[in-house]
Each structure stands twice: as structure tokens, then as C-alpha cells.
Amino acid sequence: MIQNRNIISLAIFMSLGLLGLLFPAVGASLPGIENYYNVGLSSSGIVSSLVQLGYALFCFAGGILGDFFGKKKVLVSGALIYGLTGILLAYSQTWGLSLVLFFIFGMGSGLIFIASNTLVIDIYAERSGTFLNIHHTFFSMGSLLAPIVVRALLANGYPWYTIFRLLGLTALFLGAIILSSRISSSSTPQAKYTATHASRLTKYKKVMTEKRFIHLLVIVFLAIGVQFGIIYLLVSFLIKVRGMSFGDASLVMSFFYGLILIGRLLCSYIVSRVSPHKVVLFLLFFLLITLTAGWLTTGTFSMIMFALTGLASSGLMPTLISIAGSTLEPTIRSSALGLLSMSGGLGGMLTTLVITNLADYIGFNTSFTLMIIISILSIGLFIRIMAAEKKTA
């Protein structure tokens, strides 16, 4: 039984790194998937949408399961599903079966995401904002590596599914470490939070009637939807619309993820000194500016602006989770944050699906602007949230 807190924390942090590797790996692999199965952009876009759907649904389901059966069991289950799916994907020879496996991949990812985040909140209760940003830094590290690894594998003649096989083996290894660990919490002893199913349901209903939480759900749906849209579609956009090579487009994504990594390290420091609401508002404005500038311009400046959207979106999810988690009771925290995470996953799924399908009718360049419109809506809604909270303070 592993009891060293640092080893356990590192394994939990690295589990989120698997998600950081998966999402951009899917995006970077879409051109290869299109060629392998002889499908177009709207069809290949279904892959990322199914990953997002599985992720979204099982963020929520994993939250409920975590409240009732324990977050460690949910995390290990997610690693097992993720790991086996990554290995099996290499043996799929049909388009339909591959789509099913990508959906299951998303399921495992959702379980890993919600269980790892709520475990971090439990273990580091007094500094959850700081440690959630550190936790998500591992997501960024994985995201930074994914395009580089995919590019290297494809350049050396390996098939597109090789990256997913490697991710699957890594997930099984981390799952074994977490399974053999003893996880303790720095928060108030769990005995204080024991609750009957009826009392939990009462608290769930109370949370779902609070305007503040509903508004946060919408913000996550919109803002994280844009972030996932960039992750999944930017490589294809740069290749199909801007005429860039796969190598150059992957390089832009590498800078994008590198800036996410830097941004989350900065946010882990800033949120302990500045209001989380101000941090989120600044990031939303920065995201709108960089995304719009990248779309309006061309050449090197456009590439820089698109890369900077990584810095702009870096601290959004961990800081929004911290804002929500700070007011939730521990007995329902996992489920409520699972719902919040599901909202982001659904936002990413719908954003990607709508853009790729609209591209067949109005062109990819025009449909890409949907993310700019969503960013504007996110800013307007979050300003209203801040104004409402200021009145009640």
C-alpha cells in the first residue's frame, strides 16, 4: 500500500495529464483518420464530438458515483476504461467500431477528470485554487507533448492509432499505482459529512435552484466549449483554410499548449492574491481578443495570436471549478462539479459539431467565427454574474 502523499498526488496529477494528451491527440490525428477511413471533415468531426459526449456524460455520472462509492474507485475505473480502449482502438478496422471506441475513450476521460479534480480539492482543501491550477498544469504538459508526439510518430511511418495505444498503456500503469495507494484528506474528517441518500437529493435540488450555480454552468458550457473547439479544430483550420503544412500547424498547437502550461502556473500564483472572478474575466477578454485577431489576420502574426489563445484559456476551467467548489458542501461536491464539468464537455461537443457541419454549407473559415461569437456571449454573462454577486455582497 502506497502512503507517500507526494507519490499519490503525482499519480493523480499525471492522470489528468492523460486527458491533456488525449484531446489534442484526437485533434492532431483527424487528418490521418480522414485518410485512413476515407471520410471528410464533417465525418471526422464526429470523432471529437463523441469523445466530448462520452467525457461530458461521465463527468456527471462519475461525480454521482464518487459521492456514493468514493472518488478513488471512480478514478481507477476511469483509468481502466481509458487504458483498455486505447489498446483496443489499434485493432479496430471499421469506422463504426472506431467511433464507439472513441466514445468509450471519452467515458474513461470523464471519470478521470471529475475524480482527480475532486480528490485534489479534498486533499488540498485550504488551497484548492492553487493546487487545482497545478493539477491542470499536468493537463497542459500532456497537451504540449501530444502534437509533438503525434507529429513524430506519423513522420516515422507509424499509424495514427499508435499514440492511443501508448496512452492506454500509461493509463493502466497509473491506475495500478492509484489502486495500491491510501488516500487521506486534509479537510474535515469524512465522518462529519456522512449523509443519507435523501439528504443528498435535497442538497442536489438546492444547488440546482441557485442562480449562481446555473450561471456558472452556462459560463463553463460557453467558454470551455470554445477552448475545446480550438483544441480539436485549429490544426484542421490551419491546414484547410490557411494552407499550412501539418508540421507547421502542429507547431502552432505546440506553442498553444506551451502557453497553457505557462498560464496555469501563473494562475496558480495569481488566484491566491487576486479575486478568482477578476482572473476569469481577464482571461475571457484576452481569449476574445486573441481569437479574433488570429482569424482576421494572416501569416506569422495570425499564428502568434492563435497560439496566445492557449494563454488566454489556460486558467478558465480550474479557476471556475475553484469558484464553484468553494461554496459546495463536501457531500455533494463531486456530483455538482461533475455537472459543471459535463457542461464544459457538452459545450465542446456542440461547438465542434456545429462548426464542422456548418463548414459544408458556409465554409470552414466562416463557421470558425462561431467561437468568436460564443466568446462575446461568455463575457457578457460573466459580467452580469459579477454585478449580481457585488449587489448581494
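Cβ atoms here come from the backbone N, Cα and C positions, even for glycine.
TrEMBL entries are annotated by machine, without manual review.
Marked as transmembrane segment by TrEMBL: 7-26 (among others). Below 8 angstroms of C-beta separation, residues 47-48, 51, 75, 78-79, 82, 102, 105, 109, 112-113, 116-117, 119-120, 123, 134-147, 149-150, 163-164, 167, 170-171, 174, 177-178, 181-183, 228, 231-232, 253, 257 of the same chain, each at least six residues beyond the ends of the transmembrane segment (7-26), sit close to that stretch.
The domain 'Major facilitator superfamily (MFS) profile' feature in TrEMBL is assigned to 8-392.
Annotation source TrEMBL lists transmembrane segment at 46-65 (among others).
According to TrEMBL, the feature transmembrane segment maps to 74-93 (among others).
According to TrEMBL, the transmembrane segment annotation covers 99-125 (among others).
What TrEMBL records for 137-154 (among others) is transmembrane segment.
The transmembrane segment annotation in TrEMBL covers 160-179 (among others). With a threshold of 8 Å between CB atoms, the same-chain residues lying at least 6 positions outside the transmembrane segment (160-179) that come near it are 2, 7-8, 11-12, 14-15, 18, 21-22, 25, 29, 32-33, 36, 72, 75-76, 79-80, 82-90, 92, 105, 108, 146, 149-150, 153-154.
Among the features that TrEMBL reports, transmembrane segment is placed at 213-239 (among others).
Annotated transmembrane segment per TrEMBL: 251-272 (among others), in sequence order.
Annotation source TrEMBL lists transmembrane segment at 279-297 (among others). Outside the transmembrane segment (279-297) by six or more residues, the chain places 219, 223, 226, 230, 267, 270-271, 303, 305-306, 308-309, 311-316, 319-320, 323, 368-369, 371-372, 375-376, 378-379, 382-383, 386 with a CB less than 8 A from a CB of the stretch.
Residues or ranges marked as transmembrane segment in TrEMBL: 303-324 (among others).
Within the chain carrying the transmembrane segment (336-355), a Cβ under 8 angstroms from the stretch's Cβ atoms is held by residues 45-46, 48-49, 52-53, 55-57, 59-64, 66, 106, 110, 113-114, 117-118, 121, 204, 207, 213, 216-218, 220-229, 231-233, 317, 320-321, 324-325, 328, 364, 367-368, 370-371, 374, all 6 or more beyond its ends. If you look up TrEMBL, you'll see 336-355 (among others) marked as transmembrane segment.
According to TrEMBL, the feature transmembrane segment maps to 361-383 (among others).
Away from its own ends, the transmembrane segment (99-125) comes close to residues 5, 9, 12-13, 15-16, 18-19, 22, 26, 46-47, 50-63, 65-66, 71-72, 74-75, 77-83, 85-86, 88-89, 92, 131-132, 135, 164, 171, 183-188, 321, 325, 330, 333-334, 337-338, 341-342, 345 of its chain (Cβ-Cβ under 8 Å, at least six residues beyond either end). Between the transmembrane segment (303-324) and the listed ranges 74-93, 137-154, 251-272, the one holding the most Cβ pairs under 8 Å is 251-272. Using a Cβ-Cβ cut-off under 8 Å and counting only residues 6 or more beyond its ends in the same chain, the transmembrane segment (74-93) has close neighbours at 12, 15, 18, 22, 58, 62, 65-66, 101-102, 104-105, 107-116, 119, 159, 161-162, 164-172, 174-175, 178-179.
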